[in-house]
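Novice: Next up is a structure, given as structure tokens.
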Amino acid sequence: MSSSRPVSDIVRRGSQQHHVRFSADIERAEISLGADTDRQQLAARALTINTNIAPGVSSSPLPVSPNTTLSSPPPPPPPQSTDLGRSKSRNRGYSLRRTIFTKNIQSPLADEHDLNALELGEGSGMGGGTKPVPTVATTTDEKPEVTIIPFTTVESNPNEDGSALSSTPSTEPLKEGRILFSSTPLAQGKWMMAGSRAAPSLLVARFKAVAETVRRTILRIHDIPPSKDGRRIDLDANRTDDRIDERTGKPYIGNSIRSSRYSLYSFFPRQLFAQFTKLANFYFLIVAILQMIPGLSTTGTYTTIVPLLIFVSISMGKEGFDDWRRYRLDKEENNRFVRVLRPGQGHNNVSEFSDDNDDDDDDDDDDFQDWAWSKWQDIKVGDIIRLDRDQPVPADIVLLHATGANGSAFIETMALDGETNLKKKQPCQPVAKVCRTVEDICANSSSSGSGSIHFVVEDPNLDLYKFDGNVTVGEDKLPLTNNEIVYRGSVLRNTEIAIGMVIYSGEECKIRMNANKNPRIKRPTLQAKVNRVVGLIVCLVVILAIACTIAYKFWAINVGSTLWYLEGATISYGPVFTSFLIMFNTMIPISLYVSMEIIKVGQMLLLNDIDMYDPETDTPLEARTSTINEELGQVSYIFSDKTGTLTNNTMRFRKMTVAGTAWYHDTDLREEAAKDEGKEKLIHKKRSVKGKKAIIGRKSTATVTTVVVPEKPGTAAARRISNGRLRPDCRTTDMIQYIQRKPHTVFARKAKMLILSMALCHTCLPERDESGTISFQASSPDELALVMAAQELGYLVLDRQPNTLTIRTYPHGLEEDPCDEIYEILDVIEFSSARKRMSVVVRMPDQRICVLCKGADTTLMGLLKRASLAQEKVSEIERRASKRKTAEANEVMRRNSEYHASRKDSGVRSSFSRPSLSRPSLSGRRSSVSGNHPVSSSALRDSIDVWLRDRETDGGLLNRDSGSEFYSPRPSAQYGRLSAAFSDVASVSENEIEETVEEEEEEEEDLVEEALVVNEAAVFERCFQHLNDFANEGLRTLMYGHRFLDESTYRTWKQAYNEASTSLVDRQAKVEQVGQQIERELELSGATAIEDKLQRGVPEAIDKLRRANIKLWMLTGDKRETAINIGHSCRLVKDYSTLVVLDQEAGGVAQAIDQLTADITQGGVAHSVVVVDGQTLSTIEADAGLMARFFRLAILVDSVICCRASPKQKAFLVRTIRKHVQDAITLAIGDGANDIAMIQEAHVGIGITGKEGLQAARISDYSIAQFRFLLKLLLVHGRWNYVRVCKYTLGTFWKEMMFYLTQALYQRWNGYTGTSLYEPWGLSMFNTLFTSLPVIFLGIFTKDLAASTLLAVPELYSRGQRHSGFNIQLWAGWALMATCEAMVIFFAMYGLYGNISINATDNGVFALGLLTYTCCVVVINTKLQVLEVHNKTVLSAVVMFISIGGWFLWNIILSCTYKESSGKGIYEVPRNFLTETGRNLLFWAVALLTVVAVVLLELTVSTVRAQLFPTDVDIFQEYEQDLAIRKRFEEAAATELQQGWDRGTKRSSAELERERQVQELLARPRVMKSPTAGGGGGGGGGAAAAADAVEVEMEAYGGEQPPARRSVDIHEMFSKGFGSLKKGHL
């Protein structure tokens, strides 16, 4: 990122890159007195420190990254030293964390109290010196309320007896809000009182130790000690037996991998534990045990345990099937093939693979006699494998030979660290020399005796950025570093052949060491709330059982004692209570979770939405689990990878600036636009209105039209920027035409020099295929993009020899003959992270010597001839940019403050949860459903339109005019980046287009101001302004400079350069020093901007996710500058954002964290983004106090960008947020193997089926093809699924309570004997046959709002985040309604049917139960399929018909087949319904009256609630009734829904309205008219004549009225746009 970008870097970034140091490498050091100074500074800010802790509170440790080492505290460092040193000794083993665990156990300073802090993967004990850090719980109007979790750390102070005292942190969450961390110091004296607290603490520690032992046994976690001095492997091609691992005495582990969650013997214990942690299942298990005790149950012996086992088995089988699919994918990878060296066992005669062997067919088995195919899972440590071009690496290998230039191999590591640049790997030269052929390898094998090669490598560990080892070749001992090692997950690129020896296999590979070996079982968080409600219902059941037991005793005393037939019949309290407990246990349906699983499977099938289908890759959404469907509607944090997830893994040359003029290169975009040409898009008429001007007073119907704007290349329509305005931006094609017309101008010479520099200053190798097409091998995608752009601009790199480059140019256009020129490459000074530039010395065809240099603008600016002038201009531009940024930030904060002020003044509840994203314009205008502020329909439509445009343009900032006062007098072209998404734009009239084209044709000759070209000061200002603009758009900028040399100067420099390049001491430093001598006094050639192309629709998706109150974190292994650039381009970082870079190398991390935290809490930041790298994150992890402050800040900021992060660090960040931010659902999305750990750690894991492979998609919960599909997956399907599951759960609890409360009410009339009101067979079928379909279909198909509404207003997504769909209060409301309705039904039945004297038929217990049962079934079906369903369809009628009709059919069947013994003689069922009860009119009248009364009660309560306490759903459901508003919502969501309208069966409201209008026109009867005489005048007369037309009677019909014909008024049809021809519809 260029320094000209207006970024508030509180911490200045270092200029050089660094290797990431994991916290396992860092010894714990005591914090010096500087921490005390920090504490005093914080205290001065009125921060409160709580120094007390409740006695006896068991503290749980704050999770520390698995990379963090637990070690005993080292000696205190000097007071002036606060740096953390690197550990001098590293114990590396199969389980690094276990080694650290053992180390701490053996530490003489360890105490038994520390056992709870040593739990693996959960926390780490911090050595002495970690001081508590104060934190504050503050809330502002602009940020959600936060709650602090007390976090306690204690200095380890030795006692008099030499023991050490320590504590573990406390992370007990508070009741509400988001949980942060705080540090609470404890007085040492309190810890001196061992007393009564020591024993409980010791017992807890021992219990945790035993639990950990059991867990490790179940999960097969073994302790492997480290080797003495590394792993020793001899090169031996003839050895076929297994090598022995000295750490275990057994063969090295195999190369098979397992990402499935269960093994055959861990499946049952883990799943049984998971199933019975569901409170309902555990409750039924207890009831089933009680029921099987003889004499206690009144409902049978096995009626609970059998269905329970069936339902649990179904749930376990479903989970097992999901994991079996993961196993199949693992098997597919394990069964891949690779060539392994097996001398004499191959099928070929070719044994040499030298650089000259390029014409061999590598895919033909007959070409290799010594290479045998082997499965990946059969590869062993020590095997020698052969990799061909574009082949993935099956294991971690050390390179022996490669056929690339200078014996190197280019490796793609996107799946490991997310970097798109290819890495150059090169074997040690002595090894490469003796391993050129198979014969050489065999001759140097240890078994041959003639020679040997010995490798010593470090034990397996998870550090991707560091490797230690050595190799002995003969008498020479050479070091091994990362440069010679290739890891599994990499891909061989641009190299024909590479040979390597396996050093780590299977789960010991680096990528697998970073993976989560034992992923947790994912359970929905809603289950915890359901468990709490189940607990309440259990309490209610117990209370009912106790009440009935007490009532029975009173009845027995008062009534039973007077009955002669009950004399001597005494029953103790226990059996009575147990029988009632068993009777009422069905208030919690045993099928609760099984029906929910059925619902979730149905929801999973509905996720196969055409709007989430990618036609380019033929990839639909694939759901691999249905357990967590509702979590998709509750997400608060998204952790996203960059490469392949946000970006497209392709670089495109996008812009350039030369001689003060900026040019836009859009060849690829115009090709994509040509494909989409003529496609229909919904455009709202009001979208053409500029700015934020309110249009309430405008008279408009707010209709939606479908417009087609063909954007032909070269027309002005294709050049408009994002807000729809037209401006004559200049394309590179125009520049080339200008150069061809005026080849001898100053501008033409400078432009050609810049393009020539692009074609010469690189290391790409051209390749020609059989068809003659030239492609390029490049180590960097940036270089490839520049070379391809030079080719498109007429400078084709035709051939590259060791010292020459052949360039083909087209000076007179592509139609004329080309010209080939040969340039001699004299020297190449390669790019390095320290130099940040690359230079080539070229001898031109005219024999002039020129230095071409490209690099970062901050670097080249100081090498220019006019460096002082350049610095002056850069300073001016930065000042203007800073003013602009401040103005925008103030505008955002002003809008936020206005919102809060208006909300407080009006007292109206905000419709949306995120303050910074809400404005009063919509929430203040409630519809009539709220009873407040009645607004006319037109004003309401206008208000919604203004509100939506305000959201879509970020308050108008996205449409900011480039001609602002904060730009230079003639600003740079602020080209709208025509991304592949092609955002909605305003309609453009043809007249506007034609006028603009004419103006452009007139100004073709004035594209370049030649007078400006020679003004160096103006050129510098324009150039650096362009660079600043490019950087703000997220483009990767490079500056070019050149300098011509004379022969004597070059010869003198060449001599010094040769001496430096052949030096044996500090060669690289000397080469760079000599290079600087020639890289000075440069002339400015120009600058380029490369786009790391985003996936389609990513910026728009991130904007909507932000509006939905979802925070997005970008976790990548790529460089910091690249990550920040992508953050700008995808709008994760806004122009006015406060960007804070935490850099451990630069220092001041703690101060930067505290400063930004204070600024945010004080409301002085409009939008904040924190950037942290992996090395700094390791340092933060090592300090518990600093880590608490960092995560407190991370929760407050809007976004976090973590670069150079290892897979373990990604998972650590996800796990910390998941565990310590209360009620926050996390989602991780990625596409590479380096994303697997965080995907498994998050609540929801999304895999992208992208270019990095299918590793992430295989183990994910859901896989999609494009990031933009997250919008519909979360905002629509996720929210629907959350609402559906919540309604299903509430409906299930409601119906059970209403039904079984009638049983409880009936007990008064049967002496509290437990007699059932309902016949046993009908009672057992209640949940299965008659009320299962209503709740199941409610949970699968209900939609409270339309998809277009949810996508247009993402703020509605907050319902799931607030958990307002299901909570204790809602359940209590539904339970209250169930109680009232149960009383209405029972007492209506008893009073109007049971006790009425006119009842001429049976009114026994069966008839009463039949009437009550009938009313309950009808009410349940009516409420759940009519009253609670917003989108009523024919399915609702079908469900009601099946359920209610099935109940009456059941009674008919039962009347015919029932036997008296079935009901123990109590129920008179045979022929009752057919002959008695069913023929009784009173029965039907009471049933109808009861149902109507209950329905009226429901409607009354719902109406009163909607009027007095309207929710967002109530308001927007009413908005959807307005056709114009619904169309506006559809237009705002057209990008996400267009594919379904084009390819599927879905239709928009505009299409439905058009069809309705067509039907109306076609239904009109045709009436023939004739104009009156004298109407042949002008146009007006003709119109008047048509208006005065008279009807003509048809004589052919004999004077009778002719039959009406279905016809249409042609003029009216065409005036409405019907019948217009559309492209592709002919």
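Every residue, even glycine, has its Cβ placed from backbone N, Cα and C.
TrEMBL: automatically predicted annotations, no manual curation.
Remember, predicted model here, so these are calculated numbers, not experimental data.
Summarising the annotation, TrEMBL assigns compositional bias 'Low complexity' to 55-71, 908-937. Annotated compositional bias 'Polar residues' per TrEMBL: 153-171, in sequence order. The domain 'P-type ATPase N-terminal' annotation in TrEMBL covers 247-305. TrEMBL lists 353-366 with the feature compositional bias 'Acidic residues'. The transmembrane segment feature in TrEMBL is assigned to 530-552, 572-594, 1371-1393, 1405-1422, 1434-1453, 1481-1501. Residues annotated as active site, 4-aspartylphosphate intermediate in TrEMBL: ASP641. The annotation compositional bias 'Basic and acidic residues' is assigned in TrEMBL to 875-907. The coiled coil feature in TrEMBL is assigned to 986-1017. The feature domain 'P-type ATPase C-terminal' is assigned by TrEMBL to 1257-1511.
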Novice: For the transmembrane segment (1481-1501) against the transmembrane segment (572-594), do we get 3 or more Cβ-Cβ pairs below 8 Å once near-sequence pairs (under 6 apart) are dropped?
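Specialist: Contact between the transmembrane segment (572-594) and the transmembrane segment (1481-1501): absent, because fewer than 3 Cβ pairs are under 8 Å.
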Novice: Using all protein chains in view, find how many other C-beta atoms are within 10 Å of the C-beta of ASP641 (active site, 4-aspartylphosphate intermediate).
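Specialist: So the number of other Cβ atoms within 10 Å of ASP641 (active site, 4-aspartylphosphate intermediate) is 31.
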Novice: Cβ under 8 Å, sequence separation of at least 6 from the ends of the transmembrane segment (1371-1393): give me the contacting residues as numbers and ranges.
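Specialist: Contacts of the transmembrane segment (1371-1393) (Cβ under 8 Å, skipping residues fewer than 6 from its ends): 533, 536, 1290, 1293-1295, 1297-1299, 1301-1302, 1305-1306, 1309, 1399, 1403, 1407-1408, 1411-1412, 1415-1416, 1419, 1482-1483, 1486, 1489-1490, 1493-1494, 1497-1498, 1501.
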Novice: Can you break down the domain 'P-type ATPase N-terminal' (247-305) into helix, strand and coil residue counts using DSSP?
Specialist: 24 helix, 2 strand, 33 coil
Novice: Grab the pLDDT values for the coiled coil (986-1017) and give me their mean, rounded.
Specialist: 62
Novice: For the transmembrane segment (572-594), could you work out the same-chain residues 6 or more beyond its ends whose Cβ comes under 8 Å from its Cβ atoms?
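Specialist: The answer is 278, 280-281, 283-284, 287, 290-291, 295-299, 304, 307-308, 311, 314-315, 534, 537-538, 540-542, 544-546, 548-549, 552-553, 1289, 1292, 1296-1297, 1300, 1303-1304, 1314, 1316, 1327-1328, 1332.
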